[in-house]
Amino acid sequence: YKFLDESELLTVPDGWKEPAFTRDDNPRGLLEESSFATLFPKYREAYLKECWPLLEKACGEINIKASLDLIEGSMTVCTTKKSFDPYAIIRARDLIKLLARSVPFEQAVRILQDDIACDIIKIGTMVRNRERFVKRRQRLIGPKGSTLKALELLTNCYVMVQGNTVSALGPYGGLKEVRKVVIDTMKNIHPIYNIKTLMIKRELSKDPELRIQSWERFLPNFRHKNLAKRKEPRKKSVKKEYTPFPPSQPESKVDKELATGEFFLRESVKRRKKMEEIKVKQAVALTKKQEERNKAFIPPKEKPLMKKTTKGIDEGTLTLTLHSTKTALMCLSSVTYPHSTCVDIVTAPPDGKLDIEAIKDKVKKAKTKKLGAPPVNPAPPSSTTTDKKKKNKSKG
């Protein structure tokens, strides 16, 4: 970037304004009459009827005649003999255009000022999909109109989003920024990025030292981080190499029979060969069906049972098992047979080995015994039993 001296630049003094165009600049007036007309929608008819006297008064100040045709639904402006400003008719044309685009009269009448211009941006054809278009248009407005309000404050323009158009009204520099933001929004670039850039530019413009320098180092450089990859087709068709010669003609059935020698066989041999091929195919299909049927009769594989063996048990485990068996038998005998000799079954011989068969026999004997403890004071034998014993002795 080439740095320039301030002496080489044309500087505009602060507070300078272009002088207004007066009758002294064009005392003879206009030679021909110029007129412009525009149509308006039906729903704007009631509003235009209300504000039309105000519009006629504003146009009369610049010597422009305005007429409203409610039958045809059109507005017309034209010059008069008193008109001296050739650009006044262009401003009046923009005024009726803005009113037809739903811009309120209080804002639209500002177009008659010298330093104010308007721009009507058509956004209807920028996006094909209607749903996507509505979403992007709403993104330009923002939640509760916050994005649009921020854009108006930064550009000093009035912006009106209506249908398929965006109407902007303000100074020339602001209109340029508004058009850029609107087009970028329709191209799927969020307006917040452009608003942030405008805010930085506004702060930089306040510093007189940075006026002749490049602002690129201060401005943010936004890039698309996640670019949507183009979807590739599942089946990719590979293009064959181009050859000027046509492909060879495919062989017919007769050509194939001539090549194999079947053409010269008799009809009976051909039939026999066909029947053999059919029988082979039938046999293969039959075996497959039979295998499928037999699958239901094949028993499933059973898991092998694990046999309990004490060969691999170590000495410590064996002693623990014996000790637990002893304890269990002692508890059982003390609970069920408190006065019996079941305690003897758990006494181990001095060598530390248990006689399992003896234990089993004692357990069987214990099962046959009656449950319950014996009485404390045994009852004396009854007299009847003693008499019977005496009689038996005397008989003997």
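Quick reminder: no glycine exception, Cβ is built from N, Cα and C everywhere.
TrEMBL entries are annotated by machine, without manual review.
Look at TrEMBL and you will find 117-187 tagged as domain 'K Homology'. Residues or ranges marked as region 'Disordered' by TrEMBL: 228-254, 365-396. Residues or ranges marked as compositional bias 'Basic residues' in TrEMBL: 228-238.
According to DSSP, the region 'Disordered' (228-254) comprises 2 helix, 0 strand, 25 coil. Secondary structure counts, DSSP: the domain 'K Homology' (117-187) has 40 helix, 17 strand, 14 coil.
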